């Protein structure tokens, strides 16, 4: 072995070089130990410097969320099945709260509650991230709701109008068509530059697949993001899914775009949160829900807004869905969400079973801010429709107990029956504004009185085709003027009369 001689001047330069390369950074890792685990909950000892809502990393790779910060331990909920987490497992605090990637690349994709793709189409390439939980826009950041968001449903657009930036609750028993209204609204946004986010919470995978198929067939998936937390997902993911959907929509809202978010449904989220809270031994309140279940939904729905011009005029419209039991809207979660939202569309099982679909109960459905956003032409043509239908429903109930009605009442009943036919619509067939206006105008101006009740729907379908093919000036007039001008009235009067003669003659 050759011994190398180092000169004295080299020694000093080597020492200087080593000193320059010395890194004095000390990495402090916050580590604890699991002492109890089960039912998706882990209790951890030794995690002293942890934030509420901080992400925790377990030794086996499982991720958890710190929710209970107690004097001697931390209660965390697991985001996986947690089967490999056991007593003594090391846990590391990440120092970060839950955040997800966001961006244009999410359009047309199906993701889970952590925004990870689950549609088998590969990774989603994006550079930006957003916190899952972020503050709602303040008062100064907002503008009042003034632009319409058309659902394509006559019953909603005419009588319970929705504006961009509004929160409108869809409430009703199971199997009354709540999801159908939401998906029809997504279909109707085609070509209107509205980004849609559909959040499925605690639903069967087959139900979500059905929605995906409907949107794909109609070409609506291109402008839609689906966030799915299925019924077999851990309660933590069902709890987080709506906030993930809101964060994805917020990205577009703050870039000046218009978005629509559907939460289907918040009853399941509340149940998942109740499960987590009870397992964390938080004190139960009414219906065993924790005391902050109102805040659970209010902080989510307050994120929907119409932004001011200074912030780019973007908007986020929320359509939360809540399921009732036997039509009981006075239960805890329904009353909470009704008080947070700007109105509700109430779907009735009785109306649904009677054959009127969408099964909207016009009498107790309301839109508190939507009238300011309703198109002038719709306001003019449908102004008295809600009142007329409410009076008709009352008279119809009364007529069941009385056989001899005067002529005026019989006329009102006949008119009401025909007006009700206007509201009937097949699923996944939203109507444009000109088509809706023509249908309502024909009904409110007495043109349908010459028809039998069972002929009304066929007549209206034919009328829409007639206007489309033979009266192109009608479409131009409605789209350009947006008001029921004498010109639009003249076109409608002549077209409806002309088609009515043809229809009756055939």
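Even glycines carry a Cβ here, placed using N, Cα and C.
Source: prediction; values computed, not measured.
Now, the feature entries from Swiss-Prot:
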- 172, 173, 174, 175, 176, 177, 178, 179: ATP binding site (BINDING)
- 365: site 'Required for activity' (SITE)
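A map of Swiss-Prot features onto the structure.
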residue: 172; record: ATP binding site; contacts (Cβ under 8 Å, 6+ apart): 178, 323, 324, 327, 346, 347, 348, 349, 359
residue: 173; record: ATP binding site; contacts (Cβ under 8 Å, 6+ apart): 323, 324, 325, 326, 327, 347, 349
residue: 174; record: ATP binding site; contacts (Cβ under 8 Å, 6+ apart): 323
residue: 175; record: ATP binding site; contacts (Cβ under 8 Å, 6+ apart): 349, 352
residue: 176; record: ATP binding site; contacts (Cβ under 8 Å, 6+ apart): 347, 348, 349, 352, 359
residue: 177; record: ATP binding site; contacts (Cβ under 8 Å, 6+ apart): 347, 352, 357, 358, 359, 427
residue: 179; record: ATP binding site; contacts (Cβ under 8 Å, 6+ apart): 207, 211, 264, 321
residue: 365; record: site 'Required for activity'; contacts (Cβ under 8 Å, 6+ apart): 159, 160, 343, 344, 345, 346
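Each of 323, 347, 349, 352, 359 belongs to the same chain as 172, 173, 174, 175, 176, 177, 178, 179, is absent from that list, and has a C-beta within 8 angstroms of the C-beta centroid marking the ATP site. Reduced to three states, the DSSP call for residue 172 (ATP binding site) is strand.
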